[in-house]
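Visitor: Starting off with a structure, shown below.
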Amino acid sequence: MSTFPARRPRRLRTTPAMRNLVAETQVRPSDLILPMFIADGLDAPREIPSMPGVYQHSFDSLRRAAEEALEAGVTCVDLFGVPLEEDKDETGSVAWDPQGILNRGIACLREEFGDDLIVMADTCLDEFTSHGHCGVLDDKGRVLNDESVKLYQDMARSQARAGAHIVSPSGMMDGQVAAIRDDLDEAGHEDVAIMAYSAKYASAFFGPFRDAVGSSLEGDRRTYQQDPRNFRESLLEAELDIEEGADFVMVKPGLPYLDVLSAVAETSPVPVAVYQVSGEYAMVKAAAANGWIDGEAIMLESLTAFKRAGADQILTYFATEAARLLK
């Protein structure tokens, strides 16, 4: 009998059709969520220099970009608001103002697309505070947890009234999910879902996002976002959020935390999202622009990695571009 191996795995790699037949992981356009920015005072979209192809939108361009995403097969967007600098204050009060830029953006998308497009809204104060932190500060500059959570309730309630299908508390305050869930239910918004930023790390990969929202932050967020050196506490954070009523949990950033994503996905009874953040996007775009990598191939490979690690949903600035290739 020949000692040459009888099993030849290459048989299942012979043609594109064969490879597709046995592929274990598939990324679909409907798996993707497009983060979008609506900025106050704009008449036309403004490109974000550190994120080529990503824009702060006017209302008209927001509608157009959302329609393009929907036509490509992307059925959910995550909306962030960029207020005027003069509208920022210590508590971020424009965040829950019905006439604030984020709530007007939510209403704009719901009016245009109804339930055909799932509108998710970022539920955090950092874009709206004059100091750039995700909550209220005491006189020593420390972020106050419980006082901040009360403002998250106001913000989530206003987003639900504006028409958000999903609110997404991203401030990493203890107890934020339970407080928001209770408040939404009491206000009659039982059908509004919560996507919790459960494992959100204090990451250097967030850099370009600060440009996207015009952040006023000085210092860092290490007292409330997770330490990149830690793994087990992500499982605890996800478990707590699920107990508090989260409908989805999230890991953020993505590629540097695939181990965390895989572990959360293995144990979570609810859908698990991952956020391919601004720094991840910017690195691919910059390297591709210099001809160092095949940008499209890297984009699709990274999205496949998230799915292979267990992600059910992927928030990515590549969403529309990737969806067109995946259709």
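Positions of Cβ are set from backbone N, Cα and C atoms, glycine also.
TrEMBL does not curate its annotations; it predicts them automatically.
Pulled these features from TrEMBL for this protein:
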ACT_SITE  K200  active site, schiff-base intermediate with substrate
BINDING   R210, R221  5-aminolevulinate 1 binding site
BINDING   E237  Mg(2+) binding site
ACT_SITE  K252  active site, schiff-base intermediate with substrate
BINDING   S278, Y317  5-aminolevulinate 2 binding site
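Could you place the listed features in the three-dimensional structure?
Guide: In the three-state DSSP scheme, K200 (active site, schiff-base intermediate with substrate) is classed as strand.
When secondary structure is read from DSSP and collapsed to three states, R221 (5-aminolevulinate 1 binding site) falls in the coil class.
Counting every protein chain shown, 23 other Cβ atoms lie within 10 Å of the Cβ of E237 (Mg(2+) binding site). Secondary structure at E237 (Mg(2+) binding site), taken from DSSP and collapsed to helix, strand or coil, is helix.
Within the same chain, the residues at least 6 positions away from K252 (active site, schiff-base intermediate with substrate) whose Cβ sits under 8 Å from its Cβ are S170, Y197, A199, K200, Y201, S203, V274, Y275, V277, listed in sequence order.
S278 (5-aminolevulinate 2 binding site) falls within a helical segment according to DSSP.
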Visitor: Which of the binding-site residues R221, S278, Y317 has its Cα nearest to the Cα of E237 (Mg(2+) binding site)?
Guide: R221
Visitor: Rounded to a whole angstrom, what is the C-alpha distance between Y317 (5-aminolevulinate 2 binding site) and R221 (5-aminolevulinate 1 binding site)?
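Guide: Distance (Cα to Cα, whole Å): 23 Å.
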Visitor: In Å, rounded, how far does the Cα of R221 (5-aminolevulinate 1 binding site) sit from the Cα of S278 (5-aminolevulinate 2 binding site)?
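Guide: With the alpha carbons as reference points, the distance is 17 Å.
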